[in-house]
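To start, the structure under review is shown below, and the notes come after it.
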Amino acid sequence: MKVAVVGATGMVGEVMLKVLSERNFPITELLLVASERSVGKKLSYKDKEYAIIGLADAVAAKPDIAIFSAGGDTSLEWAPKFAEVGTTVVDNSSAWRMDPTKKLVVPEINANELTKEDKIIANPNCSTIQLVMALAPLHKKYKMKRVVISTYQSVSGTGVKAVRQLENEMAGVQGEMAYPYPINRNALPHCDVFLENGYTKEEMKLAREPQKILDDRSFSISATAVRIPTAGGHSESVNVEFENDFDLNDVRKLLNDTPGVTVQDNPDTNTYPMPIYAHDKDEVFVGRLRRDESQRNTLNMWIVADNLRKGAATNAVQIAEYLVKNQLV
Ligand SMILES: NC(=O)c1ccc[n+]([C@@H]2O[C@H](COP(=O)([O-])OP(=O)(O)OC[C@H]3O[C@@H](n4cnc5c(N)ncnc54)[C@H](OP(=O)(O)O)[C@@H]3O)[C@@H](O)[C@H]2O)c1
């Protein structure tokens, strides 16, 4: 496969190259793409150096697959240009996710929807991916009615600038701010931009994307997204009301039997998921499984995953692997 990695110099781009290499993705030619600011800079992949090229040169090279992690505006403008020359685009931005003509894919859940005609495929939001990985098997068995979620999101979810802001603040150095307030020793109830309804865009992604991925609008989701000074992954406190009752041991077993999900849940040994231990892992970790004692058929849980891996790069590479395996590119 001739593969273009668009946004190769970014936070997700760096992990994308790592994941492609670890999983030995069948690459015959690799194009590393970023903004004009980075053209000519060198990056290495599997011990070989590559010079960064611009988007126009990458389109002219007609790659088989282009994996985009370069922001929504870049995707809106350039993904159609790649699609026009026959490239299949897997896009990490929010640009195409809710477009009814585009598929929103978590491979473990709905990769079977993909066809050769899908030239722009959307990767869901990082917090959505880890949420639906845990919700999908539970929904299938107990049928969700309503989900209430609060997130505790890593600065790596905002990109290079935000990680630098946290590092600067920890070192007591003045620098460029990615957030409107300090993030060290703080919690910002503000992820992505505010919308007219008073929610942030991140909260609305969490409310809308799961319904599309699970192809079911019968349940509702309400979200509060919070940025905290961690770097290893996103955490989520999730309350789910089901139509049908459940047994906690069955829930634990069901989640543990779900490919890509690992249960870490034992109060006796202080076992629960945490971002520093989820860092650099592909699994979605679930713990603190409890019955909500205030309401029937309702479960509380805590979900943690590395937002740069399963929340972005790993999920995108899994989509690309599915396309290759099923001869859809
Ligand atoms: N971080 C996460 O956890 C996460 C998870 C899921 C999805 N995403 C999405 O992935 C994308 C990248 O996020 P990130 O965290 O990696 O951000 P980042 O660290 O700020 O990196 C941005 C990347 O995009 C490139 N870029 C920016 N403007 C460009 C342009 N006009 N043309 C070509 N390339 C351009 C940058 O190139 P230069 O270095 O040349 O500026 C850089 O490679 C975003 O759409 C984000 O929403 C991020």
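Backbone N, Cα and C define each Cβ position, glycine as well.
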Q: Among Asn300, Asn307, Asn315, indicate the single residue that TrEMBL lists for the NADP(+) site containing Thr9, Gly10, Met11, Val12, Arg37, Ser38, Ser156, Gly157.
A: Asn307
(Q) If I take every residue in the domain 'Semialdehyde dehydrogenase NAD-binding' (2-117) and average their pLDDT values, what number comes out? (A) 98
**Q.** Between His234 (active site, proton acceptor) and Met11 (NADP(+) binding site): CA-CA distance (Å)
**A.** 15
Q: List only the single closest residue to Gln153 (substrate binding site), chosen from the recorded positions Thr9, Arg37, Cys126, His234 by CA-CA distance.
A: His234
Q | Sequence-ordered recorded positions from Thr9, Met11, Arg97, Gln153, Arg227, His234 with Cβ under 6 Å of an atom of ligand 1 | A | Thr9, Met11
Q. Which of these binding-site residues has the least crowded Cβ, counting other Cβ atoms within 10 Å: Thr9, Ser156?
A. Thr9
Q) Cα-Cα separation of Thr9 (NADP(+) binding site) and Arg227 (substrate binding site), in Å? A) 23
Q. Using C-alpha atoms, which one of the binding-site residues Arg37, Arg97, Ser156, Arg227, Asn307 comes nearest to His234 (active site, proton acceptor)?
A. Asn307
